[in-house]
Structures are given as C-alpha cells and as structure tokens.
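*Asks:* Before I ask anything, let me first share the structure, which is written out below as structure tokens.
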C-alpha cells in the first residue's frame with residue numbers, strides 16, 4: 001500500500017464555501033481555541049458538542065467527508081495503541097473484566113474512548129484547516145499572529161517559514177519514501193512478512209536514501225528561497241494583504257461563545 005494513498009494533511013482543495021472565504025487568521029484562531037477546548041473536555045455533553053462543531057465545519061466547508069476520513073487513516077494505529085494503554089493501565093471504578101492478575105476497569109475504558117475521540121477530533125479539525133487554506137495564506141496568518149513577539153526579538157517570519165515548509169515537505173518525503181520502498185520490493189524485499197525485528201531490519205536500507213533525499217530537498221528549497229531574495233530578519237511585503245471582514249468577526253464571536261459553553265460545562 002502506498003504511503004501517500006491516505007495522505008491528505010497539507011493539501012489544499014479549492015471550493016466555494018464560507019470556510020474557504022474566511023481570513024486564514026480567523027481559521028487559525030478558531031482551530032487553536034478548538035484544540036485548547038478539546039484538551040479540557042471532561043463530560044460526555046462537551047464531547048458531543050465538539051463533535052457537532054466539527055461536523056458542522058465539514059458540512060459548511062463542502063469538503064467531502066471521505067477526505068477527512070482518509071486523513072485520519074494514518075493515525076488509526078496510534079489511536080488504537082494509546083487506547084489500549086489506557087484500558088490496561090488506568091484503574092478506577094467497577095471491574096469490567098478480569099483474567100488472572102489483569103483487570104480492566106470502567107475508568108480505563110472510559111478514558112480510552114475519551115482519548116480516542118479527542119485525537120480524532122483534533123486531527124479532523126487540523127486536516128480541515130489545511131484542506132481549506134493555502135499554505136501561503138497559512139504562512140501569512142502565522143506570521144501576523146506572532147508579529148507582537150518581534151518586539152522581544154522572536155524571529156516570527158522564520159518560525160512561520162519553518163512551519164510552512166514542514167507541512168509542505170511531509171507529503172513530498174513520503175512520496176519519495178514510497179518510491180524507494182517500491183524499488184526495494186522489486187529487488188525482493190518483503191516489508192510485511194517476518195517478525196517485528198525482521199521488519200525493522202528491512203527498513204534499514206530505506207533510512208539512508210530518505211535522509212539523503214531530505215537533505216537534497218532542503219538544499220534545493222534553500223537555493224530557491226535565496227534566489228528569490230529572501231533574507232532572514234529583513235522586513236517583507238505581502239503579495240496578498242490580509243483583511244478581516246464582517247463574516248470573520250461573526251465567526252470568531254460564535255466560536256468564542258461556543259468555546260465558553262464548553263468550558264462552562266467542564267466546571
């Protein structure tokens with residue numbers, strides 16, 4: 001299976017929707033507030049409300065749900081492993097199942113479900129942000145929101161550039177890794193058979209080429225940036241001037257009220 005088959009994070013899908021028209025700073029602030037609220041959730045009602053918010057955002061954006069689901073597939077293993085750890089390591093409440101010295105408690109199951117839902121909602125919202133926002137606009141939004149930190153010497157432009165390049169290079173490196181794995185399979189390497197040790201050893205011949213490609217891509221990107229006259233620390237102008245509209249203020253107000261309700265439910 002190709003590594004990039006389910007890779008959605010970092011891609012942009014052009015649609016005519018309210019979410020696409022929002023200022024990138026508005027979307028970034030809403031997503032940040034969403035993530036903070038998700039980390040504070042403690043009640044079933046708050047989880048349901050947050051899930052409804054994600055569903056509403058996806059519907060308004062006109063992004064097909066299949067894209068969001070595809071974006072979640074690469075992290076299913078992480079979700080499962082994290083949930084299993086909580087099931088077996090968290091104690092409290094009624095014992096639901098016991099086999100010898102191993103006991104599964106009610107609190108462990110509830111916490112595992114809560115962690116899984118939280119991860120899925122967070123990644124779904126982050127995926128929706130990248131699907132509805134161009135990387136250039138996202139860079140401008142990050143740079144603008146961090147601009148007050150310039151007064152204390154924080155290189156906000158460089159931070160925004162690094163974050164954007166990171167998002168941009170994830171699919172590129174995975175595509176190159178997929179090509180190398182296909183070449184190794186053509187030489188008879190089987191990545192799916194054998195025990196875990198053998199599988200890990202089969203990945204060793206991939207590590208060096210991938211690292212070399214990463215350095216080459218980084219060098220090419222730095223040369224392209226330098227050729228365009230980019231210099232760290234220099235004041236730059238924007239091709240597109242960001243301007244908040246009435247819909248941005250309304251969206252921020254509605255989102256703020258919604259997050260306030262979630263926080264109130266936690267108390």
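The backbone N, Cα and C atoms fix where each Cβ goes, glycine too.
Straight out of TrEMBL:
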{"type": "TRANSMEM", "residues": "28-60", "note": "transmembrane segment"}
{"type": "TRANSMEM", "residues": "72-89", "note": "transmembrane segment"}
{"type": "TRANSMEM", "residues": "109-131", "note": "transmembrane segment"}
{"type": "TRANSMEM", "residues": "242-265", "note": "transmembrane segment"}
*Asks:* Which residues of the chain, 6 or more past the ends of the transmembrane segment (72-89), have a CB below 8 A from one of its CBs?
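*Replies:* Distant Cβ neighbours of the transmembrane segment (72-89) are 6-7, 102, 104, 108-109, 111-113, 115-116, 119-120, 123-124, 127.
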*Asks:* Same-chain Cβ contacts of the transmembrane segment (109-131) under 8 Å, 6 or more residues past its ends?
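*Replies:* Residues 8-13, 19, 27-28, 31, 34-35, 38-39, 41, 47, 50-51, 54, 57-58, 61, 63, 67-68, 71-72, 75, 78-79, 82-84, 86-87, 90, 93, 96, 138, 167.
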